[in-house]
Amino acid sequence: MVRDSGRTKRLLLDAATEEFAQHGLAGARVDRVAAAAGVNKERIYQYYGSKDSLFGTVLEHHLAAVMDAVPLEGEGPEAILDYAGRVFDHHAANQTLARLTFWEGLERESHVAEAARREHSERKVDAVVRAYPALGREGAQDLLLTVVTLCNAWPVLRGTDTLFGSASKDPARTARRRRAVIAAVQGTLDAVGDS
């Protein structure tokens with residue numbers, strides 16, 4: 001029987017994505033990944049070497065897909081606010097990466113694909129500074145961290161989220177959250193303008 005290693009790897013990555021997003025690196029089980037993929041667990045070790053390496057591959061795959069998914073377009077504060085809203089929309093529709101990066105932060109000593117992420121982050125900072133020079137470099141860094149943190153918080157704080165209201169998939173609630181993110185970014189822009 002001829003094996004299709006590309007197909008097997010895709011099945012493993014898909015199953016591992018769900019497993020790691022749900023349980024994190026420490027809680028994930030290779031037996032569950034293999035069973036969900038319909039693949040012998042030995043393939044995990046053959047293709048990825050270890051569970052940690054598989055997690056790194058999963059996260060790197062998702063990071064590569066999102067790095068330039070939401071470009072900053074235009075200039076001035078309106079462009080920054082539009083960008084924040086579109087980042088929110090993207091993360092609301094794609095919550096897996098937020099959960100994976102949350103687990104990474106809790107369970108790993110180092111970042112997956114750190115050099116590529118730093119390069120991407122620097123390009124985003126440069127784009128924000130070009131769009132709104134009044135922020136300066138440090139202001140742009142703080143603003144981007146605020147946007148990413150706010151947009152990623154709801155998928156990873158599900159338990160806390162339920163204490164404050166209805167189910168998180170309620171479209172009206174999602175729209176209010178989007179407005180709240182944009183208002184927080186507007187507050188940051190106002191504070192920079194006052195300094």
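Cβ atoms here come from the backbone N, Cα and C positions, even for glycine.
Note: TrEMBL annotation is automatic and uncurated.
Feature annotation from TrEMBL assigns domain 'HTH tetR-type' to 6-66.
Taken together, the residues in the DNA-binding region (29-48) have a mean pLDDT of 96 on the 0 to 100 scale. Residues or ranges marked as DNA-binding region by TrEMBL: 29-48.
Same-chain residues lying 6 or more positions outside the DNA-binding region (29-48) and placing a CB less than 8 Å from one of its CB atoms are 5, 8-9, 11-12, 14-16, 18-19, 23, 54, 57.
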